[in-house]
Structure formats: structure tokens, C-alpha cells
Ligand code: PBG
């Protein structure tokens, strides 16, 4: 047998070669931290299914966002946990609602050090837990929900949110929100479309994180997990409707969709490593079954390699610290 002529191992032989030959690397600037802010609590409340993640008070959220800026991450995505809910999610459009109050506080805290972003969806604010308002027969009324999203967009933009994260999966939501922003002097407020958001079991721990009241599921509006082509279609529709950034969510089980969207998109493509992806790695690591740090790094690297320009991850600040923080 002749010895091999081609030896790819040469570039793997030393740490210096491996570093030089690395195709993908992580950087703090492309990490975004999702944060929960709870109304009417004076102590942060731990989320049992997401060890290390809490529902913040306004004060603890201020400290956390300052730490996030210090770590050099790109942004935070805010979710509100209101004290009261109703059928139309009134708290979402109230300027004194928790999400809008938290947005003003955190923008004041960090200024332009990172991008303060807000979840634009009704599920945290409705007593039935759906992402929109319900018609008389109980189904989520797409066009009536768009009217609520338009009001929510104005409330969030007025509170200082710099990027609105449209996560409700209503048809036409990107165009509806873009139009109302432009008509009201918010031309510079950017829109992140959660274009390919799948009806996923991986959101399980999030429902605890926001104390969601949902019974039933979201399959009548979120994407069918079997559909790859449809994920791309949703992203292309949102690009046409004026999105500034499109997203694929969850990340780890949808890397094919992410890769397709990244290949077709001429705007940035992000991915959301969701609560269940976080919980699984934390649980396995707590049992000593996997190396926690290496698994976290590999999971986020895989999402970047598949084509995400930035990643929402509950490990954003810890990962940024491992990467050397803002100095890198
Ligand atoms: C909807 C929303 C959800 C998540 C982010 N935005 C929940 C859902 O659609 O059921 C899930 C995020 C996560 O699981 O980490 N407002």
C-alpha cells in the first residue's frame, strides 16, 4: 500500500495551525442575551427549568444589562412578565406595561453600548396565552392581531426599543409593523422578523419563564417542524415586506433551514438557541454526562457555521467572558 499523498491532518497538528485554519469563530459582538423582566417583584425569581436564568426585577435587569455591555455582547432581547393579563394583552400596549417600562430603563442604563431589542408578541400578555387575539370561535384572528401588533410596535418604539422582534407568526406582520412605524416617525426603528419559527417542543422551559397560561398549542400559526422549503418561503416573504433581519428558531434542530435562508438572504440572518436547547445541555452537564463549556461552545459554533450571523443564546454573557469579552 502506498502512503497517502493528501494529508489533511497537517493543518490540525498544532494549536497554532488549528487556530489559523479555523473557518468559523465566535465573537462576543454577535451574541444576544434574551432577558425576562417581571412586574411586581422585589427579588429576581429563578426559573427552575433554566438553571442560571431568572425573571429579573427592574433593578437586577439594569445590573444585568450593564454586565452584558461590559462583556461586549451585541444586544439584549427583552421579554415582559406582567402581573395582570387579559384577552387582548392590554399590558403590551400600555406605556406603563412592564416591557415598555423595562425598555426605557435599560436604554437609559446602557445607551448605545449594545442594541436593546424587544419581543413583539402578545403571548406574555394574554390570559389565554396565545400570540394573538381570539375570534369568537376560539382561533387566533390574524388580521385583528395585526392591529394589536401595530399598536405594540408604536409603544415599543416610543419606549426606545431599537429593534422589534416579531415572533408571533401572523401573516403580514412585518409589512403591518413597518408601515405603522414609518407613518409615525419611527423610520429608524429596525425590524427583526422571526421568519421561520417552528411549532417546537423546545420552547417548553420558556413557558415557565414567562408564566404562560397557554393550553393547547401554536400549530395553527407556527411552522410545521417537517417543512424546510416553507421556512425559506417565510424568510423571503419577510425580506419582501421590509424586514431588516430574518431569524430561524429554534436553532439546533433547524440548521438545514438556517443554511437555506443564509444562502438566499441578502440581509442578516440570525438564529435563536431556545430555552429547551439550553435546558438540555445544562441538565446533561449537571449530571456530569457532557463537558459543559465545550458543549456550549460547540452548540453555538454549529449555529454560526450553518449560516447565522448572530445568535440569541441564554449563555451570551458567559460565552463572551470565555471569549475574552469586549477586548477581543
Ligand atoms: C413568543 C416567543 C416564544 C419564545 C420566544 N418568543 C414562545 C413561543 O412561541 O411559544 C421561545 C423562546 C425560548 O424557548 O427560549 N413570544
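Cβ coordinates are placed from backbone N, Cα and C, and glycine is handled just like the others.
These features come from TrEMBL:
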{"type": "ACT_SITE", "residues": "197", "note": "active site, schiff-base intermediate with substrate"}
{"type": "ACT_SITE", "residues": "249", "note": "active site, schiff-base intermediate with substrate"}
{"type": "BINDING", "residues": "207, 218", "note": "5-aminolevulinate 1 binding site"}
{"type": "BINDING", "residues": "234", "note": "Mg(2+) binding site"}
{"type": "BINDING", "residues": "275, 314", "note": "5-aminolevulinate 2 binding site"}
Where the criterion is a Cβ under 6 Å from an atom of ligand 1, which of the recorded positions 234, 249, 314 meet it?
none
CB contacts for residue 197 (active site, schiff-base intermediate with substrate) [other CB atoms within 10 A, all chains]:
27
Smallest Cα-Cα separation from residue 234 (Mg(2+) binding site) among the recorded positions 197, 218, 249, 314 is shown by 197
Rounded inter-Cα distance in Å - residue 197 (active site, schiff-base intermediate with substrate), residue 275 (5-aminolevulinate 2 binding site):
14
Rounding to whole Å, the Cα atoms of residue 207 (5-aminolevulinate 1 binding site) and residue 275 (5-aminolevulinate 2 binding site) are apart by 9
Should residue 249 (active site, schiff-base intermediate with substrate) be counted as helix, strand, or coil on the basis of DSSP?
strand
Please report the distance from the Cα of residue 249 (active site, schiff-base intermediate with substrate) to the Cα of residue 314 (5-aminolevulinate 2 binding site), rounded to the nearest angstrom.
14
For residue 314 (5-aminolevulinate 2 binding site) and residue 218 (5-aminolevulinate 1 binding site), what Cα-Cα distance in Å is obtained after rounding to a whole number?
23
Could you list the residues of the same chain, at least six apart in sequence, whose Cβ is under 8 A from the Cβ of residue 218 (5-aminolevulinate 1 binding site)?
130, 131, 169, 199
Just name the most isolated of the recorded positions 207, 249, going by other Cβ atoms within 10 Å of its Cβ.
207
Count the other Cβ atoms sitting within 10 Å of the Cβ of the residue listed as 'Mg(2+) binding site', across every protein chain shown.
24
Taking only same-chain residues 6+ apart in sequence, whose CB is under 8 Å from that of residue 275 (5-aminolevulinate 2 binding site), what do you get?
49, 50, 202, 203, 204, 205, 206, 209, 314
